Structures are given as C-alpha cells and as structure tokens.
Amino acid sequence: MSDIKVGIIMGSQSDLPVMAEAAKFLEEIEVGYELTIVSAHRTPDRMIDYAGKAREKGIKVIIAGAGGAAHLPGMVASLTTLPVIGVPVKSSNSIDGWDSILSILQMPSGIPVATVALNGAKNAGILAASIVGAFDETVGNRMEAFKRSMKAKVEDSAEEVEQKGWREILGE
Ligand code: RP5
C-alpha cells in the first residue's frame, strides 16, 4: 500500500470527521492514499500547486470535500485531467447542506465532478477504489470481494428477519 493512488483533500480540518470515512475504506481495501487540507478560498495557490502536481505524484483519482460555498472540487477539476470525486460536507457555514451539494454538483459542461451524497465520503472512497480497480486487477478483485460481503450481509439479515420475525428483532 505504498504508492499513492488516491489524493484526499478537504477545505478545512473541520471536514476531517466526514472525510476520514474515505480514508478508512481505502485502508480496508488496501489502496494507497494521501490526505491533506487544501482550501480553494484561503489557500488558492496551494490548490493550484496540488492539482498541478497530483498526476506526477502517482495520484489517479482525487477525492475533494468541502462545505458551504464548496468550490474546491470544481476548481481542482478545472486544474487537472484526473477524475475528481466531490463530497459535499454539511459544515458550520452550510445553510442546510444543499448549498454544498449544488456548489459541487452543478458544474459547467467540460469540467465534471462525480458528486456523492451529502457527507458521503465512504461512497467517495468506494468509487475511487472502483476506478483504481478498473486498471489494477488486485484492487478489482478486492472490490469484488467487498461486493460479495455486502450481498452476504443482506442475505443473512433477510434470513434472520424471516426466521425470527420483526417483533423479536426489535425486542417488542
Ligand atoms: C469550507 O468551509 C470548508 O470545506 C469547511 O467545510 C467550511 C468551514 O470551514 P471552517 O470555518 O470550519 O474552517 O471551505
């Protein structure tokens, strides 16, 4: 898990509790990543530098999270040819989260950002690993195992509900 495949960035350290979910998934699936803070508004030069150097560092996908007037994912997408996954974060300066969602989602033609759900950093990690897995057979196989384990969990809980009934499961 040494060579970096995924770059995780966020506008502020206050986004970390949400964004760490992407890092946790990548660790689980053993995909290398780096994680740092890059603010589109407070450190625009750092953002330009990060996006410009990402490819040569071995990054294949960027996950960018931000809240409120969430310009980081879109601006990074404008500065790189790497795929960018945007995570809208419900932050202290969000009205209700829709501001972050729409800031990241409603990109102009030519500069796409693959936007996940509000606070959906785990799905961003899963999507990034899927992109890496499309070209890396080992990671692709791990993603298949991950999907199989999800399926097994649902089948197990379906069996439990059918056998015990909902009252026993809810303790009513
Ligand atoms: C955004 O503003 C950040 O991504 C964060 O979600 C939000 C609040 O930042 P802090 O004021 O907590 O640093 O740019």
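Glycine is treated like the rest: Cβ placed from N, Cα and C.
Feature annotation from TrEMBL assigns domain 'PurE' to 4-154.
Under the three-state DSSP scheme, Ser12 (substrate binding site) falls in the coil class. The annotation substrate binding site is assigned in TrEMBL to Ser12, Asp15, Arg42.
Taking the Cβ of Asp15 (substrate binding site) as reference, residues of its chain lying under 8 Å away and at least six apart in sequence are, in sequence order, Gly65, Ala66, Gly67, Val89, Ser91. Within the same chain, residues at least six positions away from Arg42 (substrate binding site) with a Cβ under 8 Å of its Cβ are Gly11.
Pairwise Cα distances among Ser12, Asp15, Arg42, the recorded substrate-binding residues, top out at 15 Å.
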